[in-house]
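A.B. asks: So Swiss-Prot says this about it:
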type     : residues                                                             : note
BINDING  : 27, 93, 180                                                          : K(+) 1 binding site
BINDING  : 150, 151, 152, 176, 177, 178, 179, 230, 231, 232, 233, 254, 286, 387 : NAD(+) binding site
ACT_SITE : 162                                                                  : active site, charge relay system
BINDING  : 246, 457, 460                                                        : K(+) 2 binding site
SITE     : 248                                                                  : site 'Seems to be a necessary countercharge to the potassium cations'
ACT_SITE : 252                                                                  : active site, proton acceptor
ACT_SITE : 286                                                                  : active site, nucleophile
MOD_RES  : 286                                                                  : cysteine sulfenic acid (-SOH)
ACT_SITE : 464                                                                  : active site, charge relay system
């Protein structure tokens, strides 16, 4: 018997059975335990969710801005009240350490919802004078029914990042979580209903991207799709969304981000930043700075500092608050990461740390991979070119600033980048030349609600968070008013 039994769909403010008996398993990657049997939505369920969302959206959009704001703020309060419970469930479902989920996942998701709840009354149009007898005014109106498709690494946080601006702007959202980590998104739906969100305004459909995701992206009455995931899948989602009914899209996709350490940098601080940029959340963060560039003359000293820090990582049971590095999200993903590690060895990179699956003692039943650092890497290696989405750092040496900027930009991705230096002029000079949408100077990884996040090149389209994202969930209606006479040419 699974610990959490059978998980149903969430449609029209309540849990409902899917149209078929098909289910998939939610697995604890730390132990292999089956946590739940999750129902698979059918195409008929998608239609029910769309109809429910259309009804609810009309009610939601008709509310005043302050009414919507109060309901979203109430949801924030409930999220914070239930923080520890939700964090524990997220840890079981994702394998992320409780020391992370308790202080980051729900906290930062609630922060984003609170941010947009405060912006609801600020959605305004413009008044544009034409002449004494005529003017134009604009209205920012909600799109209608939108879709969010989440990734498996930050399930509830991503659901909040996508739903917060959508709901704030007066839309409804149908959310499809990753098949790998579906449990906390269903809890979020409960919380929205408890807070007073009209039925249907936030529905959750569980199932595969190939089926449920496609039915949603191709549905003619969906107005926008916001997707987080890999670039290859993102291109398919974007093509499906645009070819079916010219839907608007936001794509937060993959990355292979560079971290450039300059010769004048504080090497201890740079090593700390590199560790966070590679091993936080067991390396499963889209913005990870996995290509670490270090001046050739500093490479040996930097390697020593990294090895010292890797040795301090506390790998273990993610439910233990002393653990700061848990398993990977699934056994299938573990095998994928291990295949990249094997490729790195084959292509001549030197293993500085890790490089294998952990199987002793409590690790035997879980999807644990040792924090891995490769050095003596070159730009043409597979581990340097392709997104691994695991705890694998590649150290590369360089000689000149011009060279490292060119090499940092030599990638199809452009999600994130960072620079470590004590020279403020150099910091901005380099950052301004890097082709990336999210950049840090002497830091890595923080993504506050106020900060727009998204990528260049193959790393995405549009932005999440920040004021600008709210506008992406509205459309402008322009109205000309004539107060004087009207002259016809006929």
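Residue 1 is the first one shown; counting continues down the chain.
Quick reminder: no glycine exception, Cβ is built from N, Cα and C everywhere.
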A.B. asks: Can you tell me whether DSSP puts residue 246 (K(+) 2 binding site) in helix, strand or coil?
C.D. replies: coil
A.B. asks: Helix, strand or coil for residue 162 (active site, charge relay system)? Use DSSP.
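C.D. replies: DSSP call for residue 162 (active site, charge relay system): helix.
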A.B. asks: Given a separation of at least six residues and a C-beta threshold under 8 Å, show me what packs close to residue 162 (active site, charge relay system) in the same chain.
C.D. replies: 148, 150, 173, 175, 226, 228, 464
A.B. asks: Under a three-state reduction of DSSP output, how is residue 233 (NAD(+) binding site) classified: helix, strand, or coil?
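C.D. replies: SS state of residue 233 (NAD(+) binding site) = helix.
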A.B. asks: Just to be sure I understand: of 27, 93, 177, 180, 233, 457, which binding-site residues have a C-alpha no more than 10 angstroms from the C-alpha of residue 252 (active site, proton acceptor)?
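C.D. replies: Qualifying among 27, 93, 177, 180, 233, 457: none.
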A.B. asks: Pop the Cα-Cα gap between residue 27 (K(+) 1 binding site) and residue 457 (K(+) 2 binding site) into the table, whole Å please.
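C.D. replies: Checking the Cα atoms of residue 457 (K(+) 2 binding site) and residue 27 (K(+) 1 binding site) gives a distance of 34 Å.
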A.B. asks: Just give me the nearest neighbour of residue 27 (K(+) 1 binding site) among the binding-site residues 231, 233, 246, Cα to Cα.
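C.D. replies: The smallest Cα gap between residue 27 (K(+) 1 binding site) and any of the binding-site residues is with 233.
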A.B. asks: Out of 152, 233, 286, 460, point to the one nearest residue 180 (K(+) 1 binding site) in space (Cα versus Cα); all of them are binding-site residues in the record.
C.D. replies: 152
A.B. asks: Can you give me the Cα-Cα distance between residue 233 (NAD(+) binding site) and residue 460 (K(+) 2 binding site) in Å, rounded to a whole number?
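C.D. replies: On Cα coordinates alone, these residues lie 12 Å apart.
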A.B. asks: Between residue 246 (K(+) 2 binding site) and residue 231 (NAD(+) binding site), how far is it from one CA atom to the other, in Å?
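C.D. replies: With the alpha carbons as reference points, the distance is 20 Å.
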A.B. asks: Sort residue 179 (NAD(+) binding site) into helix, strand or coil using the DSSP assignment.
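C.D. replies: In three-state terms, residue 179 (NAD(+) binding site) counts as coil.
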A.B. asks: DSSP secondary structure for residue 464 (active site, charge relay system), reduced to helix/strand/coil, please.
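C.D. replies: The residue in question, residue 464 (active site, charge relay system), is strand (DSSP, three-state).
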A.B. asks: When DSSP states are folded down to helix, strand and coil, where does residue 27 (K(+) 1 binding site) land?
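C.D. replies: Once the DSSP labels are grouped into three classes, residue 27 (K(+) 1 binding site) ends up as strand.
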